[in-house]
Amino acid sequence: LRPPIPVPPTLSFPLASSRSYRGLTLVLTFLCYTSYHLSRKPISIVKSQLHPNCSALGPNPRNDSNSSTWCSWAPFDGDNYKELFGALDNAFLVAYAIGMFISGIFGERLPLRYYLSGGMVLSGLFTALFGLGYFWDIHVLWYFIVVQVFNGLVQTTGWPAVVACVGNWFGKGKRGLIMGIWNSHTSVGNILGSLIAGAWVSSAWGLSFVVPGIIITTVGIICFFFLVEYPEDVDCSPPLHHVMTTSEKDSEAVTSNEGPLSLSGQSSVDLSHSPKEPAEEPEAISFLGALRIPGVVEFSLCLLFAKLVSYTFLYWLPLYIVNVGEFWGQQGRREPGKGASPHPSPLSLTAHFGAKEAGDLSTLFDVGGILGGIFAGLISDYTGGRATTCCVMLVVAAPMLFLYNHVGQNGIGTSIAMLIICGALVNGPYALITTAVSADLGTHESLKGNAKALSTVTAIIDGTGSVGAALGPLLAGLISPTGWNNVFYMLIAADVLACLLLARVVVKEARGWCGYMARKRGYVRP
């Protein structure tokens, strides 16, 4: 029998019902992962300040021979600065991808509250250490690389823990919509991280890291005192996927065979009237056991390419906006007939974006991500087709990325609209897979009510996706010197591959729909 985890004394105040605890869990986990993403965003904002366009700032006050990089921060003052930025991103993301596979195993075996809050405090420490390099006047690459590696490792404590906590409190009913809204913490964290980092990026970029480090540490301490991991710890009834009677298991098995429409429509009714019989605590599932759950491999590989696209935008969009604005600005200042287009982009005529302005504009991509995550969750709940919803959004995202690269600079209004649309289509599938799909697979009927697989399944899916998150910014750093068009072709190809990897699951869902509709119309005996 699993001994009950002691609830902190601060949680002894009376709450009206388990609904209040569910609301508390949603709010706390939302704040936790918002602060995780808030602490990851500053690097993308600060990049353009580490290697700015020094010629636009006037003559070199030091009268050095190299006047084009006098204001850059060494070691990012060379011509290979994009490759060095890619190395910074890759140090974090490779460590994150490797650590994620291990993190889920620890998350199943350690108290989630301790695991999550400890990881947040350490994440705040390493985030602040990166910014302290500005105040300590550090100009060696290895310092920033080492800090990024350790930060990537400790940040893996977040996602498996928060998804497991939410999965412990919520059943399958309307899980897509609930988690779609809840998953907006990713975009909210990116937006707040951009705004907070942008506030100091031009004056003292070190504070762009120190302040988010303090915020995530503070939220981690709050999480330690207030987070409740399991309903049983406060004498609340668990959701349907935790405790099921024999008849309910049979009912779920029959319903699941009727297609995804019926599966998604199941209610997450608490078994408040069921007798609570002591049961032996199930063992945590093995890594290979989690891989054998139907759908885990397909969604993991799909997320690899979906996250590749999302994280490329996360780390490179502000720099892209600055570079493209400078390019069209130079084209607009030239005379027609001298290597310039006679019709410069209207964007260059209306705005020249610095580091702060580019960071603020990039938040619109995350605004679209919020809308896309909610829309994907709502549609997948209604249709029951998680894979089909992802596939349709990925297919539409490919031409939208092409259009953004070619017409996104045709005026500030067009740029805003395209950023929101692309953010919705790119982040919608990413949000759905990492939340509702992970929770569905972690409480799959083949596990027979064993909820100990949730953290491991989440870690496998997000860990595989993190491989793509590491590859995306790395490839962008290598490809961008050849032109931003090639970067977007790479992103479009990744979207198409992500869709193709879900083809088998989409076909399975389509067959489920056909069978369900045939039985509903009386063509086939149930």
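Yeah, the Cβs are placed from backbone N, Cα and C, and that goes for glycine too.
The annotation compositional bias 'Polar residues' is assigned in TrEMBL to 253-271.
Feature annotation from TrEMBL assigns domain 'Major facilitator superfamily (MFS) profile' to 28-511.
Under the heading region 'Disordered', TrEMBL lists 247-277.
Listed as Cβ neighbours of the transmembrane segment (84-107) (distance under 8 Å, sequence separation of 6 or more from its ends, same chain) are residues 40, 43, 47, 50-51, 75-76, 78, 115, 141, 144-145, 148-157, 159-161, 164, 284, 287, 311, 315, 319, 455-460, 462-463, 466-467, 469-470, 473-474, 476-478. Taken from TrEMBL, the feature transmembrane segment covers 84-107 (among others).
Residues 32, 35-36, 39, 42-43, 73, 106-107, 143-144, 147-148, 150-151, 154-158, 161-162, 165, 204-210, 212-221, 223-224, 227 of the same chain, all 6+ positions outside the transmembrane segment (114-136), place their C-beta atoms under 8 angstroms from a C-beta of that stretch. Residues or ranges marked as transmembrane segment by TrEMBL: 114-136 (among others).
TrEMBL lists 142-170 (among others) with the feature transmembrane segment. Using a Cβ-Cβ cut-off under 8 Å and counting only residues 6 or more beyond its ends in the same chain, the transmembrane segment (142-170) has close neighbours at 21-22, 25-26, 29, 32-33, 36, 39-40, 87-88, 91-96, 98-100, 102-104, 107-108, 112, 115-116, 118-120, 122-123, 126-127, 129-130, 133, 178-179, 182, 227, 229-231, 238-239, 242, 268, 434-435, 438-439, 442-443, 451, 454-456, 458-459, 462-463.
Sequence annotations record features per position, and here TrEMBL assigns transmembrane segment to 182-201 (among others).
When Cβ-Cβ distances below 8 Å are used as the criterion, the transmembrane segment (207-228) is approached by residues 7-8, 10-11, 21, 24-25, 28-29, 31-32, 34-36, 38-39, 41-42, 45-46, 112-114, 116-121, 123-132, 165, 193, 196-201, 234 of the same chain, each at least six residues removed from its ends. Taken from TrEMBL, the feature transmembrane segment applies to 207-228 (among others).
For the transmembrane segment (296-317), the residues of the chain that approach it from at least six positions outside its boundaries are 40-41, 43-44, 89, 93, 190, 290, 362, 365, 369, 387, 390, 394, 397, 401, 422-423, 426-427, 429-430, 433-434, 437-438, 441, 457, 460-462, 464-473, 475-477, 480, 487, 491, 494-495, 497-499, 501-502, 504-505, judged by C-beta separation under 8 angstroms. The transmembrane segment feature in TrEMBL is assigned to 296-317 (among others).
If you look at the transmembrane segment (387-404), the same-chain residues 6 or more away from its ends with a CB under 8 A from one of its CBs are 295, 298-299, 302, 306, 309, 372, 376, 379-380, 418-419, 421-422, 425-426, 428-429, 432-433, 488, 491-492, 495-496, 498-499, 502-503, 505-506, 508-510. For 387-404 (among others), the entry in TrEMBL reads transmembrane segment.
Feature annotation from TrEMBL assigns transmembrane segment to 416-441 (among others).
The transmembrane segment annotation in TrEMBL covers 487-507 (among others).
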